[in-house]
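*Asks:* One structure follows; several queries about it will come next.
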Amino acid sequence: MSTLKLIPFSTSIDKQFSGRTSILGGKCCLQIDGPKTTKKQSKILVEKIRERISNGKVVEISASAYDTAWVAMVPSREMSGRPSFPECLDWIVENQNPDGSWGLNPFLVKDSLSCTLACLLALRKWGLPNHLLHKGIEFIESNISRAATDDENQVAPIGFNIIFPAMISYAKELDLTLTLPPSSLNALLRARDSEMIRREGKWEYVGEGLGDSCNWNQIIQKHQSRNGSLFNSPATTAAAAIHCRDHKCFDYLISVVNKCNGWAPTVYPMDIYARLCMIDTLQRLGIDCHFRVELDAIFDEIYRNWQEREEEIFSDVTCQALAFRLLRVKGYDVSSDGLEEFVEQEGFFNSVSMQHSNVGTVLELYRASQTRINEEENTLQKIHAWTKPFLTQQLLNKTIRHKPLQMQVEYDLKNFYGTVDRFQHRRTIDLYDAQASQILKTAYRCSAIHNEDFIRFSVQNFKICRAEYQKELDEINKWYAYFGMDLLSKGRNACEQAYVVTAGLIADVELSMARISFAQVILLITVFDDVFDRYGTREEALAVIHLIKEILTHYRWKAAPKECSQLVKTTFTALYDTVNETAAKAHALQGFCFKQQIISLWEELLECAVREKESLSGKNVSTLDEYLSFAPVTIGCELCVLTAVHFLGIQVSEEMLTSAEMLTLCWHGNVVCRLLNDLKTYSREREEKTVNSVSVQVGVSEEEAVAKVKEVLEYHRRKVVEMVYQSQGSNVPRECKELVWKTCKVAHCFYGYDGDEFSSPRDIVDDIKAMMFLGLPHLSTH
């Protein structure tokens, strides 16, 4: 009998990239073991975050010196000798950095060079103060060698190799003297030529770097959005306005400058994308549950945007993939047909503009492809077929220079379905940087994506939850020892294993009884597993089942007879008292008694365990179908879920719990967990001559048998996902359905790696330690 066995670990612990991807992530702003947080502090942060979410349409984004400079270069429609946007020139004059540069982050040298040269061009074009020019020129001349080197640690803005040489040429036209080493100029020109060849005509997004060589009227005809912009880029739109005086381009630029009070961001608008990123961030930090009402309102609005085919979503493949994934997982009816043009790698890179042809965008497509819910969704299957090997190759080639992005790609590729909530929350906390920049044609920050309040509250919330988890673990240990089950574990760290799994999937601090009851079921199943497999006899197993049948027959508990062995008394009494107490607490909350249903489930599980034990070498099981008719029950997914759902903070009914929908969902969950376990352990179980979904298949090779099991697993996993994600026509609360899927994700986590369940990879053990024991980072107060 193989149950949801867990990884033993020690509780004694010594004290590109390009595109919309964070480029300065990591732990640089974090310190370990900060002051003890309070619930009062958390409440203050909750209100601050709630206010920000409620004002979500006001997306705060940093000013772009680069884009502001290009807008400043646009001449007036009435008088070409004057700037159309003098307020942008004022902003440039007022925002030069002390070192003579312009730009958001001095560590991004290529970005600073690009921003600085663009600002110098604007100042020179309109004859503004020379002292600003001199300081800017000195900065460029001092740092130009760093722009001309292919330093893998130097992150370049999108199109830098095309735009920067073009701006140097434009500087000559304006008699702006730059004394640059010939070697640096030659290196920049070689990089430009290489980039032009590599991009194969996909240059429109960086059209300002091509100047008169562009057919601007054709670009406008092909790419102009309803808001008048080109690619929602003020810089590209400004270049178009300079070259062909398009009135819609001017109208867009006027709206941007008016909205931003005299400057331009590097992308506008980005309201929808920023709010999607905010939701994704709050979910990954584990604090979205505190803002359900506010986030649901945003989801409803974005779904309306999706139905109306809002241009901001569908003109941006990154935004579209992210919106699709978040909406589908939330339960909205969204079709994957809109992603059809990205089903092939070549077609993707030929169809998207430069700002989307990056690892970050491909990662979003890969994540979206994992939400496939039926066999007919060939679009998602085809996207998955190329995005996974593409991302894998990027890792092998070490072309992802941004470490946090590299780590995220590694984690998602390794075991996408095995993402345990609390593990992910802690991992995100460790990687999160509230001061991180993102980069397009220049670096920018958006407070809806990287926000200090988010990380502060996440850390405080994690500490509060962890304190509760430690208390609950103590309760579990006492309960386990009270019934003498610790004497049966034979050194297995059972309580810690079971509880970490439970807290990993039921994270909300208020759901204490749900965690405790779920963990108790895991532990009881594990004890009976040991009794049946290791310590007990067939007669003792049957004795326990007989006692349970007595309860079902007489509708009352009956203590184990004196003549029963101590093993029978210990296991039955633990089950007897625990089910009694859990049922009483559930009755008080829900108003009905579910005891008989749970007892029936225990009877079924133990009878199937006996049958599994008696099916050694598969002699009594002739087919895979026959094996699947009983073996999945012994994994315990259904029993764990139907016990814990009473304590999820929602009202449930007996009719719902016994409905065909709920029982079908639990059955699919049982099969997923069972087959994952089988795929992990079939080699060992073959040696032990234990029946398994692989070994039961006769007349085929082991490779064919494994392939068949994986095929069946994929079918049932897709069924679970479909039933969880689809809300239309469902009578089962989302919280109950998610508990089944999260249980499957735990099985994916612990069985989805190489090795067996008792020799898990180092990173899982590290996740466990980080979740329960290691010091949490904190931000210094100021």
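From the backbone N, Cα and C atoms, a Cβ is placed for every residue, glycine too.
Residues or ranges marked as motif 'DDXXD motif' in Swiss-Prot: 529-533. Under the heading Mg(2+) 1 binding site, Swiss-Prot lists D529, D533. Annotated Mg(2+) 2 binding site per Swiss-Prot: D529, D533, in sequence order. Positions annotated as Mg(2+) 3 binding site by Swiss-Prot, on the basis of similarity to another entry: N677, E685.
Situate these features within the shown structure.
*Replies:* Other Cβ atoms within 10 Å of the Cβ of D533 (Mg(2+) 1 binding site), summed over all protein chains shown, number 17. In the three-state DSSP scheme, D533 (Mg(2+) 1 binding site) falls into the helix class.
N677 (Mg(2+) 3 binding site) falls within a helical segment according to DSSP.
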*Asks:* Measure from the Cβ of D529 (Mg(2+) 1 binding site) and count the other Cβ atoms within 10 Å, all protein chains considered.
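*Replies:* D529 (Mg(2+) 1 binding site): 19 neighbouring Cβ atoms within 10 Å.
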*Asks:* Using the alpha carbons only, what distance in Å do you get between D533 (Mg(2+) 1 binding site) and N677 (Mg(2+) 3 binding site) once rounded?
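*Replies:* D533 (Mg(2+) 1 binding site) to N677 (Mg(2+) 3 binding site), Cα-Cα distance: 16 Å.
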*Asks:* To which of the binding-site residues N677, E685 does the lowest count of other Cβ atoms within 10 Å belong?
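*Replies:* Per-residue Cβ counts within 10 Å for the binding-site residues N677, E685 bottom out at E685.
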*Asks:* In angstrom units, rounded to an integer, how far apart are the Cα atoms of N677 (Mg(2+) 3 binding site) and D529 (Mg(2+) 1 binding site)?
*Replies:* 14
